[in-house]
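J.: Can you read through this structure? Questions will come right after.
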Amino acid sequence: MNPHAKLICTLSLILGSTITISSNHWVMAWTGLEINTLAIIPLISKSHHPRAVEASIKYFLVQAAASALLLFSSMSNAWTTGQWDITQLTNPTSCLLLTMAVAIKLGLAPFHFWFPEVLQGTSLTTALILSTVMKFPPMTILFMTSPSLNPTVLTVLALISAALGGWTGLNQTQTRKILAFSSISHMGWMTVIIIYDPKLTILTFYLYVLMTAAVFLSLNTTKTLKLSTMMTSWTKTPVLNATLMLALLSLAGLPPLTGFMPKWLILQELTKQEMTATAVVISMLSLLGLFFYLRLAYYATITLPPNSANHMKQWHINKHTTSMTAILASLSTTLLPLSPMMLTSI
């Protein structure tokens, strides 16, 4: 891809995200989302592979539908209340339409079908952007409108996302699809708590971005796109693979790793809100995700490739691990002792 085109797309992504995050007016928030959508499409289709082109078309159609729903929701709210302020969302129909629009943009079930297919058609770097940066503007809109939204609808969406994200990720062999279903499951955890403790949702999102970025950058270093390739990556970068295993277990939410903190706090808050049944169900559903995280960790560090065929083993690759990968991997495994400080800072 042309460096100038890549620079323009990257700057447009930053601009669109900044406009949406900092705006109080519905039209400005919608404009930022549209800039984001148009900026990411060239990055999705830059390889010119038919699957990449298909992914970019799917992404464009789904995001256009979600943006139209969001605009229609804000217009119907302005028609009844005379307000274009994002925080003044009072019309019940507008609230429901907005919930659907944000659910489509975040990839929440049952509006999740586009997300794994789009990630599968792109490179690991673009998949990282789609899984992290592109979810920040709609998450901000959800954060700002959360007092007006229906708690029952959000809880149902969250439980379905946690269930489908874990269940459908069990039989996947492509790492990008596994991480896509992991993202759907994590979005469910964030959605279930956003009405009761929005700041905890933002903290969970930050930690999710941290851990997902560490996993994606590690996979990108070893060029691992499927599980069979992951088995041979141990001979390339043993230390990185061991760190990848810890980052995956952190995403699964195992103590004493960083990923345990948000799940522990969310379950604690749900119990405080007398939603014990929801807390039990969503914690049980996280066991589904734990299974495929353990399978990824097993493939990355314990399984060795079959030795029946005569082939050259790939030993240490020339590409060195970047300092960013090392920093993110370290943070994704060691932040749990800092929980009290992070809780007081939010």
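Even glycines carry a Cβ here, placed using N, Cα and C.
Keep in mind the model is a prediction, meaning the values are calculated, not measured.
So TrEMBL has the following annotated:
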DOMAIN    23-288  domain 'NADH:quinone oxidoreductase/Mrp antiporter transmembrane'
DOMAIN    290-343  domain 'NADH dehydrogenase subunit 2 C-terminal'
SIGNAL    1-24  signal peptide
TRANSMEM  57-76  transmembrane segment
TRANSMEM  96-115  transmembrane segment
TRANSMEM  152-171  transmembrane segment
TRANSMEM  178-196  transmembrane segment
TRANSMEM  202-219  transmembrane segment
TRANSMEM  239-257  transmembrane segment
TRANSMEM  277-300  transmembrane segment
TRANSMEM  321-343  transmembrane segment
J.: Suppose I define contact as three or more CB-CB distances under 8 A, residues 6 or more apart in sequence; do the transmembrane segment (152-171) and the transmembrane segment (202-219) meet it?
T.: no
J.: Sequence-remote contacts (6 or more beyond its ends) of the transmembrane segment (96-115), Cβ cut-off under 8 Å?
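T.: Contacts of the transmembrane segment (96-115) (Cβ under 8 Å, skipping residues fewer than 6 from its ends): 33, 58-59, 62-63, 65-67, 69-70, 72-74, 76, 89, 130, 135, 138-139, 141-142, 145, 149-150, 153-154, 157-158, 160-161, 163-165, 180, 183-184, 187-188, 191.
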J.: Between the transmembrane segment (277-300) and the transmembrane segment (178-196), are there at least three Cβ pairs closer than 8 Å, leaving out pairs fewer than 6 positions apart?
T.: yes
J.: Sort out the residues at least 6 away from either end of the transmembrane segment (57-76), same chain, that have Cβ-Cβ distances under 8 Å to it, and list them.
T.: 26-27, 29-30, 33-34, 37, 40-41, 44, 84, 91, 93-95, 97-98, 100-102, 104-105, 114, 117-118, 121, 141
J.: Can you give the mean pLDDT for the domain 'NADH dehydrogenase subunit 2 C-terminal' (290-343), rounded to a whole number?
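T.: Averaged over the domain 'NADH dehydrogenase subunit 2 C-terminal' (290-343), per-residue pLDDT gives 72.
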J.: Can you tell me which parts of the same chain pack against the transmembrane segment (239-257), counting only residues 6+ beyond its ends and a CB-CB cutoff under 8 A?
T.: 182, 186, 211-212, 214-215, 218-219, 221-222, 233, 263-264, 286, 289-290, 293-294, 296-297, 300-301, 321, 325-326, 329, 332-333, 336-337
